[in-house]
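Enquirer: Here you go, one structure.
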Amino acid sequence: MTGSSSWPAGTRSPALVVLEDGTTLEGVSAGAVGRAAGEVVFNTAMAGYEEVLTDPSYHGQIVVMTAPQQGNYGVTDEDAESAGVQVAGFVVRDLARRASNHRARRGLGAWLTDAGIVAVSDVDTRLLTRRIRDRGALRGVIDAEGGDREELLAQARAHPGMEGTELASAVTTAERYEVAASVPPDGRERPWRVVCVDFGLKRNQLRLLASRGCDVTVVPSEASAEDVLALRPDGVFLSNGPGDPSAVLGAVRVIRGIVEAGVPTFGICLGHQLLGLAAGARSYKLPFGHHGVNQPVKNLARDTVEIASHNHGFAVDAATLPGGDGPLGPAHETHVNLNDGTNAGLALDERPAFSVQYHPEAAPGPHDSRYLFDEFARLLAGRSNGGVA
Ligand SMILES: NC(=O)CC[C@H](N)C(=O)O
């Protein structure tokens, strides 16, 4: 790796974190010189910062890591979940001075600086986390250019926040592209043909689909149902993504068109919320969301618990999942988050479509939920009605 220290001369300059409620914390600049505004959320993963920082679902958010030491194993470039850093800003207690890992290409601070991302270290992240947990996700500004405190507070309060904000179009692919299956078709003439609607996908989702014998065509979030169906898919995958699901206005009609055509459909996170909206349910904002890798989820059909990776600020209201009068027929809850009882999965009763609120691709995270990719493969083979139903 280049540069054994991630503190080039002159970069340990003062920086500030200012929340909309007036909370102001002093720290040290750990990334680019500048200022960033966004919704401030905390992530409880001990490790996995490269995947967290490159997760497009964090677009528009400032991420605070609750685990105090970050950067210990550097940045590999191989673990990135998208083409670059996606967070609006990053806040840590203690940034490692040295990356100690044979896979590291560079240090975390240097990477953030090169990517132009404002980051603050030496912050009392426990206080920050408690504030967010007590008051809910707060809008905030981080400043590493000597900004005036009153001005920063005004900027935090002027930020539009997440509710009603559509962000998928900011991170989706500009062009359609293909990812080939990474295993031979299992006794079939050709791999499954899966269309992935990219609302802000994470690369490991594509790897796992490819490893289940799927040739994947990734299409932009604005693709119409006709665009998708013209590719004659065996199945459709709805990715995760940033922002408020209820603001992704066109997606409901598109998903209804796909599901009504009888195409097996699997959604993750934003894709789950959008399937829920298409089914006729409502979504709502959680107080401070779930951002971490150890959330207990109960699979209601199997009566088992899986420890799962989560990153969401909104949720589907399970009480609004429809009966027979739903636009796609009845839908039911398949998974529940055991920490707070919120919905973690759904399936349509009469159509081959299911989705989960969390991240079975788990990058970073535990692998308990990988079976959902196998369920999707069974759905493609017509050997299941959604697997989790
Ligand atoms: N990871 C995701 O897809 C997040 C979905 C949505 N943006 C939310 O915050 O709830």
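Easy rule for this one: first residue shown is 1, then count along the chain.
Cβ atoms are placed via backbone N, Cα and C, with glycine included.
Annotation source TrEMBL lists active site, nucleophile at C269. Feature annotation from TrEMBL assigns active site to H359, E361. According to TrEMBL, the feature L-glutamine binding site maps to S57, G241, G243, L270, Q273, N311, G313, F314. Per TrEMBL, the feature domain 'Carbamoyl-phosphate synthase small subunit N-terminal' maps to 13-143. Annotation source TrEMBL lists region 'CPSase' at 1-193.
For each listed feature, how buried is it and what is near it?
Expert: The Cβ of C269 (active site, nucleophile) has S57, S239, N240, G241, N311, H312, V356, Q357, Y358, H359 as same-chain neighbours under 8 Å, each 6 or more residues away in sequence. According to its DSSP assignment, C269 (active site, nucleophile) is coil.
For H359 (active site), other Cβ atoms within 10 Å of its Cβ number 27.
Its Cβ placed at the centre, E361 (active site) has 27 other Cβ atoms within 10 Å.
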Enquirer: Around the C-beta of G313 (L-glutamine binding site), how many further C-beta atoms are within 10 angstroms, looking at every protein chain?
Expert: 22
Enquirer: On a simple 10 Å Cβ count over all chains shown, which one of the binding-site residues G241, G243 is most densely packed?
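Expert: Ranked by Cβ atoms within 10 Å, first place goes to G241.
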Enquirer: So what's the mean pLDDT when you look at the region 'CPSase' (1-193)?
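Expert: Within the region 'CPSase' (1-193), the model's average pLDDT equals 94.
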Enquirer: Neighbours of the L-glutamine site S57, G241, G243, L270, Q273, N311, G313, F314: Cβ within 8 Å of the Cβ centroid, same chain, sequence order.
Expert: G200, N240, P242, D244, P245, C269, H312
Enquirer: Could you state the CA-to-CA distance between F314 (L-glutamine binding site) and E361 (active site) to the nearest Å?
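Expert: It is 19 Å, counting Cα to Cα.
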Enquirer: Please give the maximum pairwise Cα distance, in Å and rounded to a whole number, for the L-glutamine-binding set S57, G241, G243, L270, Q273, N311, G313, F314.
Expert: 13
Enquirer: How many other Cβ atoms are found within 10 Å of the Cβ atom of S57 (L-glutamine binding site), counting all protein chains shown?
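Expert: Taking every protein chain into account, the count is 31.
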